[in-house]
Every structure is written in C-alpha cells, then in structure tokens.
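K.L.:
One structure, as structure tokens, below. Some questions next.
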There are 2 protein chains.
Amino acid sequence: MANTELAFLPVAGIRLATIGAGIRYQGRDDLLALELAPGSTTAAVFTRNAFCAAPVTLARHHLSQTAPRYLLINSGNANAGTGAHGLDAARACCAALATVADCRPEEILPFSTGVIGEPLPVERLTAALPALLERLDADAWPVAARAIMTTDTVPKLGSRTFEIGGQTATVTGIAKGAGMICPNMATMLAFIATDAAVAPEVLRACLTAAADRSFNAITIDGDTSTNDACVLVASGALGNAPIVDLTSAESVALHAAVESLCVELATAIVRDGEGATKLVTVRVEQARDRDEARRVAYTIAHSPLVKTALFASDPNWGRILAAVGRAGVEELVIEDVNIWLGAVQIVTAGGRAADYTEAAGAAVMAEAEIVIRVALGRGAVAAEVLTCDFSYDYVRINAEYRS
Amino acid sequence: MANTELAFLPVAGIRLATIGAGIRYQGRDDLLALELAPGSTTAAVFTRNAFCAAPVTLARHHLSQTAPRYLLINSGNANAGTGAHGLDAARACCAALATVADCRPEEILPFSTGVIGEPLPVERLTAALPALLERLDADAWPVAARAIMTTDTVPKLGSRTFEIGGQTATVTGIAKGAGMICPNMATMLAFIATDAAVAPEVLRACLTAAADRSFNAITIDGDTSTNDACVLVASGALGNAPIVDLTSAESVALHAAVESLCVELATAIVRDGEGATKLVTVRVEQARDRDEARRVAYTIAHSPLVKTALFASDPNWGRILAAVGRAGVEELVIEDVNIWLGAVQIVTAGGRAADYTEAAGAAVMAEAEIVIRVALGRGAVAAEVLTCDFSYDYVRINAEYRS
C-alpha cells in the first residue's frame, strides 16, 4: 500500500469513522461509516448486474423511502450471491446501526465489497458499531479511502471546489476498485459529498451525467460487479440557497466539479487496475452514434490480445485492427478506417500506413500512458474508454485472491 | 511440440505436400499444398471479421468462380491488414502455383495464418513452389498438420469413416489454432476431406452445420481472427453415386462423421489454447432461445475472473454468478437460476446452495476437465461452449509472440 499523503478538503456536514471489525482482514480497518448532516440530499446509481448484492437491493429500497443519515460500508465481504440470508444480514446491520445512532434503519444505506458468496459475519460487524460511531471525524477521509480497499494497492481520494454566489463550495470523494471493473450505469464503490445545498433532482442529474463520463467509461477486465454503487451527498452545510435549477450557473459549476472529481477517481481506479502497468485511452471517432463508438472502444479495451501486447510494449497493431473488425459494426468499410497509436498513424485506409515503422510504434508503446485512436469514417460521434494492460500480475492476483 | 504418432486415414483423391519456405520460421515446414482430384467438390466457411485477410477475400472470390484444384496455405504470416498490396501478394502466389501446376489461378484457394500486418514475403514463398509440388503424397497428413501450426504446441489431425451403400468412406482433417480463437461462422484454419462424392449444396449444408456445433462453439480469448477458414473437400475418388439428398442415409452418415471429426479438432484446439491447463465446458440450459443460451455461455467463457479462478482451481463460484448476472438477459429472475460445478450444485434459487461445501467445489475444480452448468429457468433451449482457463502462460505467450 502506498503511503503518500493524500490531499483533500473536509466537507462541512459530513463526518466519517473507520474501524477494524475483522470481517475478513486482520490488522486493518474494514468498516466505514459516513454521517450526513440532517437535511442532506443524496443521489445514488447502482450496478445493473442482475445478481446485484443484498446491500445494493436494500440501499436502493431505503433511498426510495427517505433521506439517508448514514452510509455504512464494509470491505472483505460483498454479501452477494447470499440469497434471502444475505438480505437479512444487511437488514440486521442497518438495524444495529440505527439503534446505536438513534435513527431509523431506513435512514441507513448499506454497502459491501469483497468476496462474493460468503455469509456476512453480522455479529463481528455489529459488535464494532458503538466504537465506530465514537470516532466520527470530519477529517477522516484518508482513512476512509483505505478502509474500503480490497485488491486496490492505493487509496483513491480527491477534492474540488466551485463557487456559489461568492461562497466556495467543496466536493470531496473516495473510491475503491481494481478488478471486476466494467461499470454499467454505476461503478465499484464511490462516495462523494459536497457541502452545498442541492435539490435531489439536480443532484441525481449531476451524478448520472458525471458517472456516465467517468466511471461508466472505464474497464479493467470487462467483469461488471454485483456491488457497484456511486453515491453523491449534498449536506447543505454551506448555507447557500439550494441549487434547484439544472441550467443555473451554480448547477453547471457543481456538475463540472463533480465530473472532474469522478474522472480523477475513475482514472485512479484504472491506474490501480489489477496488475496494470499502463494507462490506456481508447478513443473512437467518426462513428454513426455513441453506441457504435463505445462498442468498438470496449472491444479493443477488452481484447486479451491487445492488452497483452500493451503489457509487452509490442506495437502489434494487427490485434487492434482485428478487434475493430470483430466489434460488430454493420457495413464497416475497412478502406475508410484510420488508426493511430499516440501521434503515429498505423493504419491508413484499412491497411498499414505507408510511412509506419516498427520503431515509431515501439516508441509509443514504451510510454506509461498510451492513446489508441480509431477513426471509423462513418459519422461524427466519438467516445472514449479508459483501460489498462493485462499482465502476469493480473493472473496472479486473481488466481490467489481467495487462497 | 509433441511428437506423438498421429493416427489417420489417407483420403483417396487428395495428396499433400509441405516444405520450409522460410516465411518467418527457420528449420520447419511453413508451406502446405493440398491437391484435389479433378471433379472434387469444395465447401468453405470464412471469418466474419470485417478486417478479413487478403487470402480470405481471394479464396472466397475464387470459390465463387470455379471448383478448386489446390489449397495453398502458409504459416508465419497472416497477410492481413496489408491492404491492396496484400491482395496483390495473394494473387501472385496463386498465379505462381497455377504456372507450376498447370492450372488456372482461380482454381487455387489461398490461406495464411500468423502475424497480422506484415508484408507477405512473396518471392520466398513462390520460389519454394516447384519443390513443394514434387513432394505431393497421399500420406502427408501428419506433416501437413504440423506445417500450419503457429503458437500451437501440438498438431491436430483426425479421421472418421462412414458407410455408403456397402462401401467405407473416409473423412480426414487437420486444424490449427491456439489463440485469437472465437470463431464466428468459421474457424481458425481447418482442412477436411472425404473420398465420397458429394454434391456441392449437400457439402455446404454439412460443413455449416458441423462448424456450428464445433468450431463455432469454442472460445479461448474471445478474439475472432481475421483469417478463420474451414474447408471441406469431397474428392469423389470412392466412386459412389454422388450424395445429392440432404435427408438420405448417406448424407446423415456423412454429416455425423464430419461433425464428430470437427468436434474432435475443435476440442483439440481448446486443449491447446495458449497457456491452457484446463478444458472447460460451459453448458447453459433452460434458456428462452439459443441466442440467449449462447450469450450467457460466452459471457462466462470470456470472463477473465472466471478463467483465472479456473487456473487457480479455486471454486470462486461468485464470479460465475456475476458473469451470468451481467450477460444482458432481459428480466432474469435470479431466484430461478441454478448452477452446478460438475455434479456439485453451487447455486440454488439464486443463492449459495445450502449443502454446498468449499471442499466439494475444490474437488471439482482440481480436475483437468470441468463442466459448468447453468439452468436459467426460463425455457427449454440449451447451448454449450468449450473453453479453457487463463494462465500466466497466456500472458507470456502473447506478450512474447512477436519478440
């Protein structure tokens, strides 16, 4: 685990606490609570995996009932694939925290991340709750970022500020994720908070748009998790008049700050991709529509052959071309396709660029950050996906994860 | 390379020859010709990758013109992603062989397999053709199977017999492929021949059906090649009355023999999957239609997390469940889903089976051949996909392939 100092700004109205409950790991914190000031508004997006985890089901239900006062997150156990018992376990955790915190169970959103299919150790988790709540602290964001890690090697934490009528508002967030990463309308786990007062519908629109441009545009291994969730809280502690108009300058500023932070956190997740040695942007241009552009970008980003070539710093561009060809684009005219590796054009009109040299391709591939750009020659729509390479360590990490 | 004796039966009317042309490899044969007796009928299926290789384009065109007399196959260079020059190179090879063999260029079907995007060394290839044709031999199937290998570690060759009106007909075939394997209506390279006389439309129907149940139901890494092709030749040397009726006993016997051989060759390809240590059958039952069953099966078979767990012999069945959940099945009712690992039920009604034990799961995962069976509880349609695990060696082989 990297021990770098994490820069962040606390968010008025939000306090955090972590503790080691011994859920799976020993010698580290694995339980996190966020306390949200009364009057906070909360928006969330969740995984689209049909086998969503019990806490996802319960959090979605609670959020539809009332405004949350606490987020409760454990790492080490996903409480997914656990059937009716899993739902009972998630309910028991919320009930126990409600008792300690003197609130209603439906004011608590539960989240879990870790191994799928094992029973959540409810007693160990609930036994830690009284001590957990005694630690609530507005400055606990860095330890919070560490407490939710599983195969992550670095914590992910960032902050932004934006202006509201002469006041400076803050947005701070944490995220976790390094494998089983191919978010679908949501992500791994990310918890973001602002001290601004924001109406729920504005908050929801802001989160959906920001997630679409960040967490929903990354992939490490194409495996969409059962537990993905991304939460955005507005505590209102800043005292501004609530942002109610989606087109207002304040709303635009909020959106820009949240999206910028989400992109930073999503990029940090890809950089920390299991076994990753390279950060790769796949940009597909000149598509007929966004679906088509994303389909081609994801086909390249998921190709094990492209990913192992990236690991090897091998400009084996034929594998990129083959991935474009199998992406299922109807009536693709290969003579209209151009492909670049960084600034080096590798494919012109569907064939190897006349002035391409292996040396030029190899120079780009040796970089730690690589851009693959594909122009389909069919339209004007572009899309980007962030991904990483595929290394021995990906296999090692995922072969050893449970043993 | 394994040196086991390969059992096979020669096919009357078919002669083969191999030679080392130094296309990419040194010290081994990399060029193969099959000579088809006059009057042979030929069927072929090709890759659906939009970036299909130059030889695929030309072979498809030649086959539409006339009955082939020769198949010409090189390994080491795919002649794909090579644009107009690549097509000229494939044409030049056919023209050169036509001169040596005294036939027309359109009577030759060219095939290439190997690295994508490098110019085919036409001179080295054509210089070897006169010596190549002097070696034609009906018993050269084993050396032919070796000459078309690239990252394959074992040659793939098999034979079947079937009865036609008291006579015994033979079907013999070879195949290559170990990576970039996710055939789509065709496969890697496979060349199959029978001495029976078969009408072209019966031969086509037979090949399409057999490929669908064999080469089109395997995946190693999800990467559909630019060069996939599967050819079935009927030399007619047996002297039987040509099989013209798809519903005749002879046609059914032919189909059974060809399909059985294709399944053997396809299974051999998966066993030889780059870095593979396990042979895995993914069977999805109780689907509403075949598309849905195949989609779920392929999602499991392509999941890097499932494949690394298989490599580790880790019964991490949560990863299987997560793959089912993200396969995009509309309105999947997770309470209706059951999953087995071999004979061990791991998921009942969407959750962990009550009597499941890690020891039972681990015992299945320790086997070299594993069956994952998923019942969706939605209908009566089933589909199977053959795949392999994902190991350190897959990364090594594909990181080092060109270096």
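For all residues, glycine too, the Cβ spot is worked out from N, Cα and C.
Sharing the feature lines straight out of TrEMBL:
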- B:THR150, B:LYS176, B:THR187, B:GLU274, B:ASN398, B:SER403: substrate binding site (BINDING)
- B:THR187: active site, nucleophile (ACT_SITE)
K.L.:
Check each of B:THR150, B:LYS176, B:GLU274, B:ASN398 (the binding-site residues) against chain A and write down, in sequence order, those whose C-beta lies under 8 A from a C-beta there; write 'none' if there are none.
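P.N.:
Near chain A - Cβ to Cβ under 8 Å - we find B:ASN398.
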K.L.:
Here are the binding-site residues: B:THR150, B:ASN398. Which has the lowest count of other Cβ atoms within 10 Å?
P.N.:
B:THR150
K.L.:
Which residues does B:LYS176 (substrate binding site) neighbour through Cβ under 8 Å, counting only same-chain ones at least six apart?
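P.N.:
The list for B:LYS176 (substrate binding site) reads B:SER75, B:THR113, B:ALA145, B:ILE148, B:MET149, B:THR150, B:ASP152, B:LYS156, B:MET188, B:LEU189, B:ALA190, B:ILE269, given in order along the sequence.
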K.L.:
Would you identify the secondary structure of B:LYS176 (substrate binding site) according to DSSP, in three states?
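P.N.:
Looking at the DSSP assignment, B:LYS176 (substrate binding site) belongs to a strand.
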K.L.:
What number of additional C-beta atoms lies within 10 angstroms of the C-beta atom of B:GLU274 (substrate binding site)?
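P.N.:
Neighbour count, Cβ to Cβ under the 10 Å cut-off: 27.
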